[in-house]
Structures are given as structure tokens and as C-alpha cells.
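Engineer: One structure, as C-alpha cells, below. Some questions next.
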Amino acid sequence: MAHEHDTQAVERVYRPSPGLAVAVDDPVQNPGLPPHRERVTDKDPQANRRAVRTVYTLFYVSVAASIWAVAAYMLFPIEGEYATMGNIRNNNLFIGLGIAFALLAIGIGAIHWSKSLMSDKEHVEARHSTRGSEPTRAAVIQAFATANEESGFGRRKMIRNSLFAALVASVIPGITLFRNLAPNDGNDPVQLLNETMWAKGERLVLDPEGTPVKAADVTIGSAFHIIPESLAGLSHDEGYLEEKAKAIVLLVRLLPEQLKETEERKTWSYDGIVAYSKVCTHVGCPVALYEQQTHHLLCPCHQSQFDVTEHAKVVFGPAARPLPQLPITVDAEGYLVAKDGFSEPVGPSFWERH
Amino acid sequence: MAREKKRRSHGRRSPLAAAALIGIGLVLSGGIYAGASAAVAATSEPTAADTALTAEDGQKLFQANCATCHGLDLQGTDDGPSLYGVGALAVEFQVSTGRMPLQMQGPQAEQKPVQFTEEQILAMADYVQSVAPGPDLPSDHILDGEGDLARGAELFRINCAMCHNVAAAGGALTQGKWAPDIQDTSALHIYAAMVTGPQNMPVFNNMNLTPEDKRDIISALLYQQEEQAPGGFNIGSLGPVAEGFFVWIFGIGGLVAITVWITAKSN
Ligand code: FES
């Protein structure tokens, strides 16, 4: 009876598979080339003729497009009375299209030619091994040794070392030139980054006109873009842009009770009017998207938000510090003036400001 | 073999055909959309002309449509601000851009189809102006678009471009608010926005931007609205993000298609 047989016969003979379904000696076997398949153009003479026609038509299209590009240059003048935006656009567009089609047609034609008409028989070119043969290697080593001996490179230490010195020295002028790209007009760059044109008594004037602003002009809900008065008089050569980049200020007015001011900064605002640097403390974009109802300032670059009611503290985003506040007051004539310069450097962190 | 024969009998449709079709479809629908939105944008523009309706009619319209939120006497309620001193200009702007009556509370009032005729709007504006005056409609001189374009563009870049985009294409603000595009806003509404500071937009009073400044800014914007973009398709004038997307999808997509074609076997 079956159950009287050896019940563990299976366990005795069974050998589990090591995990591979197929034993492979060489894991990367050469599959060889697939059989050559004839193309339509090989079998059908009509298709062949059509392909030939397509290719030469493309090349002639290219010729025509090149001629068209030259014609477009003359047909769409952009000088004198024709110098309008629309004409410049047409001129660029049609010359560009001509050149683009000229080059594209050559490319498409060439590829179509090679794909449909040139022989497409594939063959294998075996790769030779990269290691040179023993004699070659010996010869190269020999060549180096001879060269060393004949030139005296290893022997004449003076010459060799002076050559090294010359090579190192040749880089130095480059370093000097690049070093000079840093601000170097006798001023310490740290100093330049620390200071703006704002100083005690400097009037707040409108950007770019230079009109001074009276406290009464700044109505609730308005936003004034402000520069220091002495900046408005600078010319481009006198560093107008460099100074402006640091000195731009936004002036807004809130109800005095909306401002949550700290004790020591109570005197920095004037009757609800506050002035903050417009240079973002993240990487220095101009922060000027002022929402007059939420009193938030938004930086367009990386969405830092500053709360104007609380000394421009950061309420969102990557900026690390509040925007620096410019202390302001009014002068005898009622114009807004700075009480002092900024008490801290404006703008992003730099190597001596974190 | 059978499969090959079947394909051949269907004609030689290259796999590129599908890609080309999709490309053509996208370009076409984009073009149609751009054309259609330009056509829709061409709307009429109200003027400061005398109206046949009086301030009394305006009062009735106001009480029927606005008083629930703004109060029977413009005093405001829990649902809406008081309208003392907002003036005729603000009423004209808010109602004839469709922002008011407000459809629903949200981050900001949306523009929607205008609910009243021009005459009704001016009547309501007259009424509000008569109760508690504020900024009124400007003279035609300010809206004539004949100001100094270069100066206007500079003032625009200093005062407006950070929110409205340098090409006036608009931009995002915080928490779902946005600065609308002003690429087809009328001269009157540009002026009204500067003077009344709707919603989160700051007010630009006459000491900040003088009436001549405003005229220059309006002129520069009107010029931009009419002038063709010198670079051809401006892709919404939204800047590097939109342009980058375009190049990634169409530029690199085109390169991929060409590469596929080059390496595909000829049949
Ligand atoms: S520069 Fe302002 S958030 Fe980055």
C-alpha cells in the first residue's frame, strides 16, 4: 500500500533550486544581429522614387528658404520711418523663419536620405582591447626614460624648479585681476555694506523726482516710495545706482493704535507714519508689495512676508531678520526727515553680518 | 509577420503623427483662446457725462442693492465697510468692474459681469457723492493718454510693477489675494484704482503721484495695451516661469520627437 512506502522519499531526493531558473555560463551573451529586413524603398521602386523626390525637394526648399531670408531682410525694413516695434518683430520673425527652415530642411533631408535610401545593412565592428601590447608599453616607458635623460628634466634641478616657479607665477596676474573686481576704491567693503546715505536730518523725498514729503501728505492706506534727498541730486557717475540700491525706503501710514511698537522704538515713527528699508533681508530683492488692509509687506522673490505693524517682523518665508526701520520725524517746515541713519546694515546677510 | 502585414495595410502612419497632432491641437486651442479673450475684453467705457437718472434714483438703487451690507445711510454694517468719503469714483470703479455687489466673501472681490447699466451706476455714484463726498470722476485731460510715456513707465515701475508685473500682467499676493492684470483696463479704472486704493491696493494721493504723474502712468499703460509685443508671443508676459515651461514642453518635447524620428527604423 502506498502509505507503507518510505514517507520521506521526496525529502530525500529533492534538491531545492538555488534560485536561478536557467544556468548561464556567460551572463552577457551576444544576441547577434537581427535578420535584415527590407525597407519599403528597397522593395518598391515607386516608393524609392518617392523618397528620392522628397529628399531633393527638401534640399530645394532649403535653397528657397535661404533666398527668402535674404528677401525678408529687404521686404521688412526697420530703418527710418519703418522703425516701429511691429516692423522689427516682422523683420526678426520672417528672417528667422527663413534661416530656420533652410537649416531644418537640410537636416531633415539628410536624415531622410540616410534612413530610406542609403544602405541600411548592419555589421559588427569588434572593439579592440584598450590595453596596449607588452612591446608597446615597454616602448612608451622607454621613450619617457630617454626623454628624461636627454632633456635632463630630473637631473637639472635648478631648471626644473624654476619652471615650476614660472608656471605658478603665471597664474598670479589672473588672481590679481579677479581680486580687483571686489570694491576697492579705498573703502572697506564691509563698511560700504554697512552704510547707506541716510543720516540725521536727511529729508525723505519721492523716488525718482526728489519731491520732499510732508507728514500730512501721507494719508492712511497710501504707500510712498522714498529715497534720501541727497541721493536725488546724484548723477549716474557719482554712484546713483549703488547708493539707491541700499537707500530705498517704503513709507506708510497706519492708525497710531495699530502699531505695536517696542519702548525704545516708540520715537522712530511719526504719528503712525513708519519707514522701512525696501531691501529684503533674505537675498535683497525690493520688498514693496504692500497690502494696505493686512499691513503685510510681501517680497516677490521668495515670498517672505513682513508685518508692518510689528516692526516689520518676518511672518512667513525665508528671510532671517525684520526689515531695518528708519527713524523719522518732521523738520521745522513740516517735511519728513530721518532722525538718524539705519541702526543696522540693510539687506541680506554677508560675511560679517549673519 | 502577421502583425507587420496588418500594420502595413493600415498605411504608413508614423508614431510621430500622434505627437504632431497633439502639438497642432495645443497651438490651435491656445490661439483660439487668446483671440476669444481679446474679443471679450473689448468693452465699452463709461464717461462722466450727465445722466438721465438722478441721485434720487441712485438712492433707491443703493437701498435695494447695497444697503444690506453698507447700511441705509452708508454708515456700514458688520458685513461691509462704511462708504463715507469713498466718493463717486470708488462707486463707479467697484460697480462697473463687477466687483460690487459682492458675490461672496473671499480673499478679495472678484470681477464678474456688471450688474447695472452705466446710467444706474452713475446715479448711485451721484447719490453716494451727495451724502458724504469723496474723490470724483476726473477730467478728460487726465485720461487722454497723451502724457509722457517714458516718465509714466518709470513711475509705473517704481510704484506699481512690483505687484502688477512690469508688463502689467498682474501677480500673486499673500493668502489667495492677487493684483489683477491691467492689460485691458480702461483709463478711468486705472485712475480710479490709484486714487481710491481698492481692497489691498495702497492709495496714491495727489501728493504721492500728482495728477500729471497719473496721466503719464495711464498713457504708458494705454500705449502698452495697444502696442504689439516686439518679441512675438509673450506667453502671458508672466516672465521666466511661464517661458521656462514653454521651452521645457515645446522645445524639449520637439527635440525628443526629432530624436525618436532619427533613431526609428525606416519601414
Ligand atoms: S529676497 Fe526676499 S524672500 Fe528672498
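In case you wondered, yes, glycine gets a Cβ from its N, Cα and C as well.
As the structure is a computational prediction, the values presented were derived from the model and not from experiment.
Copied straight from TrEMBL:
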type     : residues                     : note
DOMAIN   : B:53-132                     : domain 'Cytochrome c'
BINDING  : B:CYS66, B:CYS69, B:HIS70    : heme c 1 binding site
DOMAIN   : B:147-225                    : domain 'Cytochrome c'
BINDING  : B:CYS160, B:CYS163, B:HIS164 : heme c 2 binding site
TRANSMEM : B:245-264                    : transmembrane segment
Engineer: From the binding-site residues B:CYS66, B:CYS69, B:HIS70, B:CYS160, B:CYS163, B:HIS164, keep only those with a C-beta under 8 angstroms from any C-beta in chain A, and list them in sequence order.
Structural biologist: B:CYS163
Engineer: Would you mind giving the whole-number mean pLDDT across the domain 'Cytochrome c' (B:147-225)?
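Structural biologist: The predicted confidence over the domain 'Cytochrome c' (B:147-225), as a mean pLDDT, is 92.
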Engineer: What are the sequence-distant neighbours of B:HIS164 (heme c 2 binding site), meaning same chain, six or more residues apart, C-beta distance under 8 angstroms?
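Structural biologist: Looking at Cβ-Cβ distances below 8 Å from B:HIS164 (heme c 2 binding site), excluding near sequence neighbours, one finds B:GLY170, B:GLY171, B:ALA179, B:PRO180, B:ASP181, B:ILE182.
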Engineer: So for B:CYS160 (heme c 2 binding site), how many other CB atoms are inside 10 Å of its CB?
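Structural biologist: That number is 25.
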Engineer: Let's see if you can do this one: DSSP helix, strand and coil counts over the domain 'Cytochrome c' (B:53-132), in that order.
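Structural biologist: Helix/strand/coil tally for the domain 'Cytochrome c' (B:53-132): 39 helix, 2 strand, 39 coil.
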Engineer: Using DSSP reduced to three states, classify B:CYS160 (heme c 2 binding site) as helix, strand or coil.
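Structural biologist: For B:CYS160 (heme c 2 binding site) - judged by DSSP and reduced to three states - the answer is coil.
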Engineer: Cβ within 8 Å of the heme c 2 site centroid (B:CYS160, B:CYS163, B:HIS164 excluded): which residues?
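Structural biologist: Result: B:PHE156, B:ASN159, B:ALA161, B:MET162, B:ASN165, B:ALA168, B:GLY170, B:GLY171, B:ALA179, B:ILE182.
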Engineer: Which residue, of the binding-site residues B:CYS66, B:CYS69, B:CYS163, has its CB surrounded by the fewest other CB atoms within 10 A?
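Structural biologist: It is B:CYS69 that, of the binding-site residues B:CYS66, B:CYS69, B:CYS163, has the fewest other Cβ atoms within 10 Å.
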Engineer: To the nearest whole angstrom, state the Cα distance for the pair B:CYS69 (heme c 1 binding site) and B:CYS160 (heme c 2 binding site).
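Structural biologist: The separation of the Cα atoms works out to 30 Å.
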Engineer: Report, in whole Å, the straight Cα-to-Cα distance of B:CYS163 (heme c 2 binding site) from B:HIS70 (heme c 1 binding site).
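Structural biologist: Taking the Cα atoms only, B:HIS70 (heme c 1 binding site) lies 29 Å from B:CYS163 (heme c 2 binding site).
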Engineer: So for B:HIS70 (heme c 1 binding site), how many other CB atoms are inside 10 Å of its CB?
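Structural biologist: Taking all protein chains shown, B:HIS70 (heme c 1 binding site) has 22 Cβ neighbours within 10 Å.
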Engineer: Work out how many Å separate B:CYS66 (heme c 1 binding site) and B:CYS163 (heme c 2 binding site) at their Cα atoms, rounded off.
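Structural biologist: Between the alpha carbons of B:CYS66 (heme c 1 binding site) and B:CYS163 (heme c 2 binding site) there are 30 Å.
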Engineer: For heme c 1, what surrounds B:CYS66, B:CYS69, B:HIS70 with a Cβ no more than 8 Å from their Cβ centroid?
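Structural biologist: Other same-chain residues near the heme c 1 site: B:PHE62, B:ASN65, B:ALA67, B:THR68, B:GLY71, B:GLY76, B:THR77, B:ASP79, B:GLY80, B:LEU83, B:MET100, B:PRO101.
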